[in-house]
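Accompanying notes for the structure given below.
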């Protein structure tokens, strides 16, 4: 199946997919009580980017590596907040500092037309909404913020797609934006935290 297709592209996508599978298994087995689990979760998603790029016949160029790092920092922040989900209060908001990295990475970068601007604004709104939830007093504020930030991953994907300026990037970013409401809707059926 998938490995046979990847094998036609050389060893790199096969190695990347094996590393991804290993990282997922390691995270699943070792995330509870592990202070490094936010970085490990981020690594899993970065490996998704790398594996997809290599499997599509591409290379790990600056767009993939830079986007992967932006995503890594977003996920470190998200996972650190999620680890506090069962607490009555957020111990600290330091983890949200990691979420500034994607904004810094994409700041001043050309975004593909209107869709890029919409994606950037939607991501900013998502993170601001999550911060407001975390600073609030509702009992369910931490889980709600975590769900919002999980859905926000597709918004970051849309920003990174729009940033490439590649042909069709605007349409691909628009499709990625749809992941936000779909993720929120599915969180009502399957709890993702």
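Residue numbers in this text run from 1 along the chain shown.
Every residue gets a Cβ built from N, Cα and C, even glycine.
Listed features, source TrEMBL:
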type: TRANSMEM; residues: 6-27; note: transmembrane segment
type: TRANSMEM; residues: 39-57; note: transmembrane segment
type: TRANSMEM; residues: 63-81; note: transmembrane segment
type: TRANSMEM; residues: 88-108; note: transmembrane segment
type: TRANSMEM; residues: 114-134; note: transmembrane segment
type: TRANSMEM; residues: 146-166; note: transmembrane segment
type: TRANSMEM; residues: 172-190; note: transmembrane segment
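Remote same-chain residues near the transmembrane segment (6-27) are listed as 37, 40-41, 43-44, 47-48, 50-51, 54-55, 57 (criterion: CB distance under 8 Å, separation of at least six residues from the stretch ends). With a threshold of 8 Å between CB atoms, the same-chain residues lying at least 6 positions outside the transmembrane segment (39-57) that come near it are 5-6, 9, 12-13, 16-17, 19-20, 23-24, 26-27, 30-31, 64, 67-69, 71-76, 78-79, 153.
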